[in-house]
Amino acid sequence: MANVVVVGAQWGDEGKGKIVDWLSEQADIVVRFQGGHNAGHTLVINGETYKLALLPSGVLRPSKLAVIGNGVVFDPQAFLDEVKKLQAQGVAISPENLRVAENVTLILPLHRELDAQRETAAKAGAIGTTQRGIGPAYEDKVGRRAIRLMDLADLAALPPKIDRLLAHHNALRRGLGLPEIDGAAILNELAALAPQLLPYAETVWRLLDIKRREGKRILFEGAQGALLDVDHGTYPYVTSSNTVAAQAATGTGMGPSSVGYVLGICKAYTTRVGAGPFPTELKNEIGEEIGRRGKEFGVNTGRKRRCGWFDAVLVRQTVRTCGIHGLALTKLDILDGFETIEVCVGYRLDGKEIDHLPAGEGAQARVEPIYETIEGWKEPTANARSWADLPAQAIKYVRRIEELVGCPVALLSTSPEREDTILVQNPFEA
């Protein structure tokens, strides 16, 4: 299989950035296909820490082409700020090695403001968004009133499009008690951004098709996790895009047959940010300890992540909904030293045992985890780079996860460092 799709197999924050960076050494092109700058990830390379949000991890690899696909919602200012920050760290970024789909939807300041107003007004019922305008931008895309990158190339044709956008947003703003927005202000802002953004614009579906036919290896980089998918996740506590592997085709303009191996990323435990059901959440000292060891705070927002035991039911479900061929298991080292480790192997709902997470919000909140206790290990797994470096009990834990989710572990990560990775099966050669 020449192409590889990387998706999160939990609620995001699984360590996709490191795995994508590790795989990108073998890829020619790295493509983002959904989400926006709400999904941050941290990479540590030769002791230097890089924090990415919107840009594909491939930008950190010299000679690789990084691409932002049409399935992404694109904040122009966030993009320019991130490029500038990475350039200050010595990363070479230019239109030569970074391309952006011309039909990508733009996130504007009005989207961010609306996002924040809604979350504030919802109070206890808030979803827990990053308030970066992701959802409102996707709403405008589906509502056929979005401004897209290609629109900046024809400023004379922009006013009617802005008027259509504001007919919707100013009505909302009146209802929220906010002042209306003048279309001229948006036009002036976009006109100022156009010369900075348009050099990156590309007909991405055509570019990728040409590269695929040339035999280039393409790595599709997903954001968030499959359990945040707007259709298959814990709705309504989800993101506003499809995060499952099938979106790699839709979000880039490539056909489904162009997507090869699907690699699912999951932690050796479970975390979640924001509100929503979490069957294995540990609201005790063990959960706090996992959070401290794993440094479980959001890269972009700094929000504390909720922590719990590994949920094999959920990962097995995402293996199916994403068509995952192999898993990359991360942060195994965080579990070093625990006397025993619990793994969720099933649920109990209203007195009955079930083997999947139900779709209903109420039912999701009522499920109770059924645990299997596994013996822990005392020896460290941190920085291990081969199976021989791992304690026998840690290997047993990995093997048990494989059995429970019905999917082999292809990669094992034992620290944030790029080289601390154990390869079992190379996704590009599977």
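A Cβ is built for glycine as well, from the same backbone N, Cα and C atoms used for every other residue.
Listed in Swiss-Prot:
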ACT_SITE  Asp13  active site, proton acceptor
ACT_SITE  His41  active site, proton donor
BINDING   12-18, 40-42, Arg305, 331-333, 413-415  GTP binding site
BINDING   Asp13, Gly40  Mg(2+) binding site
BINDING   Asp13, Glu14, Gly15, Lys16, Asn38, Ala39, Gly40, His41, Thr130, Arg144, Gln224, Thr239, Arg303  IMP binding site
BINDING   Val299, Asn300, Thr301, Gly302, Arg303, Lys304, Arg305  substrate binding site
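Features per Swiss-Prot, on structure.
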residue: Gly302; record: substrate binding site; contacts (Cβ under 8 Å, 6+ apart): none
residue: Arg303; record: IMP binding site; contacts (Cβ under 8 Å, 6+ apart): Val273, Gly274, Phe297
residue: Lys304; record: substrate binding site; contacts (Cβ under 8 Å, 6+ apart): Gly291, Glu296, Phe297
residue: Arg305; record: substrate binding site; contacts (Cβ under 8 Å, 6+ apart): Asp13, Thr271, Arg272, Val273, Gly291, Glu296, Phe297, Gly298
residue: Leu332; record: GTP binding site; contacts (Cβ under 8 Å, 6+ apart): Ala268, Thr381, Ala394, Tyr397, Val398, Leu412, Ser413, Thr414
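Annotation note: Asn38 (IMP binding site) sits in a coil segment as assigned by DSSP.
On the backbone, the CA of Gly40 (Mg(2+) binding site) and the CA of Gln224 (IMP binding site) stand 9 Å apart. Among the record's IMP binders, Asp13, Glu14, Gly15, Lys16, Asn38, Ala39, Gly40, His41, Thr130, Arg144, Gln224, Thr239, Arg303, no two C-alpha atoms are more than 34 Å apart, and one pair sits at exactly that spread. Counting neighbouring Cβ atoms within 10 Å of each of the recorded positions (Lys18, His41), the lowest count belongs to His41. Sorting the binding-site residues Asn38, Thr42, Thr130 by the number of other Cβ atoms within 10 Å puts Asn38 first. The Cβ of Gly40 (Mg(2+) binding site) has 19 neighbouring Cβ atoms from other residues within 10 Å, across all protein chains displayed. Least crowded of the binding-site residues (Gly12, Gly15), judged by neighbouring Cβ atoms within 10 Å of its own Cβ: Gly15. DSSP assigns Gly12 (GTP binding site) to coil in the three-state reduction, placing it in neither a helix nor a strand. When the Cα atoms are compared, Asn38 (IMP binding site) and Lys18 (GTP binding site) turn out to be 17 Å apart.
Around the Cβ of Gln224 (IMP binding site), the same chain contributes Gly8, Trp11, Gly12, Gln34, Gly35, Asn38, Ala39, Thr239, Ser241, Thr243, each under 8 angstroms and 6 or more positions distant in sequence. Closest in space to Thr130 (IMP binding site), of the recorded positions given as Gly15, His41, Thr42, is His41, taking the CA atom of each residue. The Cβ of Thr414 (GTP binding site) has 25 neighbouring Cβ atoms from other residues within 10 Å, across all protein chains displayed. In three-state terms derived from DSSP, Lys304 (substrate binding site) belongs to an extended strand segment.
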